[in-house]
Every structure is written in structure tokens, then in C-alpha cells.
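If you check TrEMBL, you get these features:
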| type | residues | note |
| --- | --- | --- |
| DOMAIN | A:49-78 | domain '4Fe-4S ferredoxin-type' |
| DOMAIN | A:98-127 | domain '4Fe-4S ferredoxin-type' |
| REGION | A:147-256 | region 'Disordered' |
| COMPBIAS | A:165-182 | compositional bias 'Low complexity' |
| COMPBIAS | A:219-234 | compositional bias 'Pro residues' |
| COMPBIAS | A:235-245 | compositional bias 'Low complexity' |
């Protein structure tokens, strides 16, 4: 310690002063921080704060509960049989959501449940002030999850270089005019079916066929929304066939 | 006390040379502020001098590798970004790159550049954390405030794109989760410019500071042989002159172009191998990463319209086989050895994390040093305990 003392003690002072000079330079600048509880933070719309549930959209298909990496979503539901609305019609079954709960003490905030939800029943909200004194209170039941719904912001606009949304791309597809020009009046079903698959072309015969692969491919409640089609006349059947991916509205509408 | 010589002598009391001393076992941690995390060091000291040291790890073992085996490839991303919580984006990247390679999947160009941009921003975030916390361990309180101000700037743009501040969850097999928000690139450009503009303030507190140099110069020298023997990687290895950077040597993402002849990428190395050079490498890497981020922004502006992900099948199954994917994480080489048996979960996913090897070398570096220097050496290894224990 004795021999190197001189360079070291002489060296510490300029170091201190230089540091203080930097501090002094930034002293007059406005603060970068805000007084949090008084000044709420500005959070972007994608911010993953809390998960909100839009109960009407939920068909209790259980996809979210199954895909959750730590299985923190609890869903109870039962099937209800609805009497036929028209004489001679068919009885229909629908799922009724009894319980939907997310345990935020387990949740890892990954957003997979929101991503997999086929009916947009789950949404991110940037709200974050829901800490509790008791860990058990972090289990939010469906009414609590529903209360977050008004805080869900609209999604941000996308970058100008982003690919156009699938819906827009499908609408702009030149396939349909080509088909109309190719063979307008006769044999519409037979010809259109082969070249363009995703276009729901064959209106007269499609609904009956389309619903079966849909129903078997995914075990979700669209299955019970699709049976709504047969009783309706073919003209509306084509319409509901196009809207079969977002079926909860037609379901609830016809059930009541 | 000489700062240049490797051996530092401290003589206390009179006739201390003749005193009989007994070795003492001292446990540092697992709950010790200097170990930032739950790393435990069992050191044997002879007076002030460390005779032997042994890092004892595992206090934060979460069995990540086993958890990977029962999760599909989207759920793995959630876990993979958590072992090293300071470089979450790079961790996710390794998993999805491995899966994409095994699937032979082509990732859209915009996704490649956006991933590169986010990975470099993540690297800056990680390095800023250590540039703030390392001086803190050496007794300088101020730098951490400067570092965190810059971190906040970058975290804001990361959050705007991904929704998360630490666990971004923005990578998916085949690209990114969703497209970038409108105007985001401009805000990133602004943030990068702001960080670069204010970095000199942080540097002025660290670089050339006599106190910091006295604590770090010549302390904890790592030789290239030790680095080879222990598999140390990343900025720590480069500080000892080991010129290894996967971004240049085994390019993934867009790094092949960025580290090409006309690209802004360069590998930062030092030769001294002491704590100071490790810090210097970190600091200079921040500059390089900001340059890389600028280049990515430039490219993202000029790329044609296009998607950032590919449509995946409902059930994603990786074909049978195995593949080791290594990426240059902020802390060093991060590798995933993925063995698939054609199912929707990996049969085995071995995780090679940088911090584990970087900390293992402590047993070789610490002996012969003083206890006060132990903090300096420990801090300069830039590890994350979650990355050690997995």
C-alpha cells in the first residue's frame, strides 16, 4: 500500500471532478422521470397489462385454456338445448359459459390465449394497476375480466410496408371477375369448384358440404353455429357460410 | 498497492509475515447484493487473499429444458426468453431459428431485418444494464441512472412494437408475431439517435475515470487459454483477444450483410483481458449495435411491402432430426440443441447458455486476488443468474 499510494490518491481527484462535471451539466436539464401515481405513464396500445374478456364472444371452446403455457385459465361450461324456433325444426345445442377465470399470479403474459382465440373474446389492455395484498385475489373471474374490456385500446395502425390484411387481399383478388367473365350463366357450381377453392363458389350445394369438414377439423363451437344454416333458405345460407368464422353473432341472434 | 502488476500485496500490522494464519471458508451469497442474483461463491481466504473459489449454482434452477419438452413451439418461446431476462429477444430468436431451419422454412425479408433490428436494440439494452450496474458494484452510484434513462428510451420502442418491456414474446416460428406499428421506425430512429447522443455522458463517467481504472485495470486477467478451456464467450472472451463473434463468423439473420465488407458491423476486441477491457468491449459494442440498428432501419425503410410472418399449420410439427443452433447473444454464445421426433413438442431441447461457462471460469480467476477485487471480477463477468441455472 505504501509505494503506489501517490499515483492513486492523485488520480482519484480528477476522476471525481470529471464525474461531478457531467452531473453538473445535466443538473439544469428537466427531469426524465415522472411522478408516477400523479402522472400516469403513457402506454402503447400493444402493451400487455391485463387480459380482458368479452364474454359474449366466448364460445367456451377451451382453446385458450389448452394453449396456455402454464394452464392458468379455468373454464367451466355446460351445454344447453334450445327448442326449435320453427315447428318441425331441429333442436340446437349451445355452450353456456359458467366460469372463465385467469389466474394472474400464474400468468406469464405471453398473449398466446389472445392469439389463439378464434372469436376475439380475449384482448390485451394496458391497464396494470391491479396488484393485490393476497395472492388469491389475483384470480380474476369473468366479471372482473369483463370490466377490463372498456380499457382495451384500438390496435395501432400498421407500418406502411406491411402486407395488406388478409381480408383486403382476398377482396382485391382478381379471381372473381375472371370467373364471372369466363362462364357467367351455366354450370356455375361444377366449374367454379375446381379452380378456386377458398372462394366459396358453389352456392347451391356448398353449405351442406362445407360445414362438415369445418366441424370435424376443429372442435370448436362453430359446429353449433353452422347447423343454423339448413333451415334458412339458400340465399341467406351463402351469406352465413361466408361469415362462419365469426359465428357467435348469428348463433346468439337465432337462438333468442 | 500496484495496479499494473498481477500480484497485489497488502501488509497489515507489524511482523505480519511471521504470523500463522488459518484459511477461512467464506460463503458469498446466495443472497448477497454483490452477486446480483442467487449465485453462491464458496471462497477460501487466507487473510484478504482468496486461495480458492467455487461457484455453486442451481439456486434458481427452474428445469427449463424439461419444461420445453412438454410445450409446443409457440409455448417454448415464452419460456426461452426467460432464462436470460436481459436478452429475451435473442433467446427467442435461437429457438425459432432452430425450428425454422429444421422445417426448411423461408422467413420473409422484412421479418429478417426487423428481427435483426430488435436483436441489436436488445443487445444495447443488455449492455446498458451492465454499464450501469458494474460501476454501481464498484461504488459509483451515478452511471446507473444514465444507463437506465437510455434503457427507458429503447424499452419504450420495444414495448410499442412487442407489447413487452422485458419478455417481448415477439418472435414466432416463421417471422414475427405481428407487423410493426405505423411510424415506429421513425421513433426507433429518434430513440437510437437520442441514445447515441447521450452516451458520451455515460462514457464520461466510466471511461478514463481514474477511480474505476484503479479498481479494474490489471484485475482478473483472463487468458485466451482459460477462455478456450472453459468455453467462455461473448464480450468477455473478446476482451481477452479471442476474436469470435457468430454474427460475423456464422452469420444468421441479416448479419452476413451487416458484417460484410461494406457493412457497419465490426467485432470489438481487446487484448488485456482484465476487468477494464471487458467493460470497454461492452461500451464499444453499444456503439456498434446502434450503428447496426441504424443500418437495419435504413433497410426496413427501403424494403418493398411484404409480410413479416408466414402462415403456419394449425399443429406445427418439426420433422424428425436434430440440430444445434447457436446465436451470438449479448452475453455470449447461446445455443439450442433441438432433437425432434416428429411431434409437436421437442423430444429434447438442450440449452447452452453463455453465463454458465462465463461464471465457471471464476474458479480459475479469483484465486490470488483480494476480496475487494472479487466484487470487481464478479461484476465484470456480466452474467445473469437465470442464464446460469436455467
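Just so it is clear, glycine is given a Cβ too, placed from its N, Cα and C backbone atoms.
What TrEMBL says about a protein is an automatic prediction, not a curated fact.
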Confidence summary for the domain '4Fe-4S ferredoxin-type' (A:98-127), mean pLDDT rounded:
90
Looking only at residues six or more beyond either end of the domain '4Fe-4S ferredoxin-type' (A:98-127), which have a C-beta under 8 A from one in the stretch?
43-61, 63-65, 67-78, 135-136, 138-142, 145, 148-149, 151-153, 218, 220, 222, 245-248
Helix, strand, coil residue numbers for the domain '4Fe-4S ferredoxin-type' (A:49-78) per DSSP?
8 helix, 10 strand, 12 coil
